[in-house]
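S.K.: Can you keep this structure in mind? I'll have questions shortly.
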Amino acid sequence: MFTPRGFKFAGVHCKIKRKRKDLGIIFSEVPCVAAGVFTTNVVKAAPVIYDMEILKKNPNGIKAVVVNSGVANACTGEQGMINARRMAEKTAEELGVPVESVLVSSTGVIGVQLPMDKVENGIEEAARVLSNDPLPFAEAIMTTDTKVKMHSTKVMIDGKEITVLGIAKGSGMIHPNMATMLSFITTDAKISEEALKKLLKLSVDDSYNMIDVDGDTSTNDMVIVLANGLAGNTTIQPETDGFWKLYEAVHEVNQVLAEKIVEDGEGATKVMEVHVINAPDIKSARLIARSIVSSNLVKTAIYGEDANWGRVIAAAGYSGATFDPEKLDLFFESEAGRIKVAENGQGVSFDEEEAKKILSEKKIRIILDMKQGKETAKAWGCDLTEKYVEINGRYRT
């Protein structure tokens, strides 16, 4: 795993959770240009509200992010805002940085106040054990996740080697437009605030906003990107060659992390990748792809290895996109093969046993050819199983 210049990480167990690490810090030796994308849920957790304000005031001076897991600090009223600010203050004190240079994030159970004595002790410990290793931080932000989610890459811009590292968490309450997922992207690229905001928005639209586990949109989601400029490249501006090179690197990281989140979906046994091709416009393609991966009937059909193609067509139909349903061709595909199940909006004769064999694989592709244009979109989701109900039925116990 590559680590960008000037960044350090820590993850500790401060006893919010029974056993696993539950508090982490990312620290940059120099101020970062920062940008964020946050939950679309009207009910926003205190850290989300706090960070949105900080990024308005100080987008060019961020030095740290502090994250706790186990308690979401959502639906916690005025005390929740006080606690979010106190997390930033304590982190600033321990790191010797301005309070307005610290972002805050929380994930876990909604409606519970943070145990601030434990949190503050955890911040003290984390500040003492900062290192170049991002793994402890990745472990500290997990909730129902079964595995850490990290990815890094390098790119050459202006003759300078630039590193991008992403660390994410997410397993349940994942739905298009950002849900119970946190993602922190660090890079040593030098980039303007305007360019970073644009780059992040473009990437999120085609990565985290195109995944679904269970259709629930969380109160706490955020994607934060920090760029500290220590690579020494010329400052990247929007729409330049350097911009697109960095975009490709950041987007690779975001797409890999988005897929890792889906693969780790609560109770999931299969991943489905929906390809909408030859759509009339990009908006329609995205709407339809999202609708299909979000459909519980499609998810359960995939789990049951049932080629119930009508559920896919129906999900496209209620997506909000306008199209001609009599032109749709539909295919199921996996490493075991490919089969056409519908043509021009109607079912075709196919071998049910062959279809079941294709759907028995761990990764399933659903390909909807609209034959009405040239635009394409991809979305990722997972099946819906009894295990999901079991995990979420006992989440607070």
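Backbone N, Cα and C atoms are what each Cβ position is placed from, and that goes for glycine too.
So Swiss-Prot says this about it:
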- T180: active site, nucleophile (ACT_SITE)
- T143, K169, T180, E266, N392, T397: substrate binding site (BINDING)
S.K.: By Cβ count within 10 Å, point out the most packed of the binding-site residues listed: T143, N392.
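M.R.: Per the Cβ count within 10 Å, the most buried is T143.
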S.K.: Here are some binding-site residues: K169, E266. Which one has the most Cβ atoms within 10 Å of its Cβ?
M.R.: K169
S.K.: Can you tell me the three-state DSSP label for E266 (substrate binding site)?
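M.R.: Once the DSSP labels are grouped into three classes, E266 (substrate binding site) ends up as coil.
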S.K.: Does DSSP put T143 (substrate binding site) in a helix, in a strand, or in coil?
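M.R.: Note: T143 (substrate binding site) is coil by DSSP, not helix or strand.
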